[in-house]
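Undergrad: Copying in the features that Swiss-Prot gives for the protein in this structure:
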type: BINDING; residues: Lys26, 73-74, 100-101, Lys104, His106, 127-135; note: 5-phospho-alpha-D-ribose 1-diphosphate binding site
type: BINDING; residues: Thr131, Arg160; note: orotate binding site
Amino acid sequence: MEQYKKEFIEFMVDCGVLKFGDFTTKSGRKTPFFVNTGFYRTGAQLRKLGEYYAKAIHDAYGLDFDVLFGPAYKGIPLSVATAMSISEHFDKDIKYCSNRKEVKDHGDTGILLGSPISDGDKVVIIEDVTTAGTSIGETMPILSAQGNVDVVGLVVSVDRMERGQGKKSALKEIEENYGIETTAIVTMKEVVEHLYGKPYNGKVVIDDQLKQAIDAYYEQYGVEA
């Protein structure tokens, strides 16, 4: 596992984004872990988060693209922070763009925020955690309306590696339904691999009991890597 992935996993723990315990998802599943990206709340945290996204994008897709598109609302700061990080660490000036959920009737009435998207642009979509394809289903028509746009791929922070309504993961369903590549900074398999049985800040984050609960969850809801 790459070093930046290990650092990102620990970063999520430090920020309180990655939690372990007893949770219930929106779909009603009982889960022993939860990822809440709403806990990235400071400038320093967003700067680091942008760095991890930038490295994941560079590894998966390279930098031969024009625009980072972050769907409203959580994708807005992600697109900004990551575009800044790509400029700083890879010396590549990438445009950022997001959409409005509400239509304005005054001033700038366009649906897009940030850079416009032009015919022929190559776009990478950036999101937080994808557990269903709802957001991408709203995003693709917005991009298509801008012209002949080439969607290079989708990047999320964590791939939960669990089934949606069918037998495949949400990211795999997106790949098949929309014909685009997907990637994540880390997968939950990598999270467990890095944290299981190892002390971090004086505490073992994933002990044997929690590991058994995670294994049982994936026995019921998991997908193949």
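Note that Cβ sites are derived from N, Cα and C of the backbone, with glycine treated the same way.
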Undergrad: Neighbour count, 10 Å Cβ-Cβ cut-off, for Arg160 (orotate binding site): what number do you get?
TA: 25
Undergrad: How many other Cβ atoms sit within 10 Å of the Cβ of Thr130 (5-phospho-alpha-D-ribose 1-diphosphate binding site)?
TA: 25
Undergrad: Of these binding-site residues, Lys26, Lys74, Lys101, which scores lowest on Cβ atoms within 10 Å?
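TA: Relative to the other binding-site residues in Lys26, Lys74, Lys101, Lys26 has the fewest Cβ atoms within 10 Å.
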Undergrad: Looking only at Cβ atoms, how many others are within 10 Å of the one on Asp128 (5-phospho-alpha-D-ribose 1-diphosphate binding site)?
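TA: Taking all protein chains shown, Asp128 (5-phospho-alpha-D-ribose 1-diphosphate binding site) has 21 Cβ neighbours within 10 Å.
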Undergrad: Could you measure between Lys101 (5-phospho-alpha-D-ribose 1-diphosphate binding site) and Arg160 (orotate binding site) for me? Cα positions, answer in whole angstrom.
TA: 26
Undergrad: Using C-alpha positions only, work out which of the binding-site residues Lys26, Lys74, Thr130 is nearest to Arg160 (orotate binding site).
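TA: Closest recorded candidate to Arg160 (orotate binding site) by Cα: Thr130.
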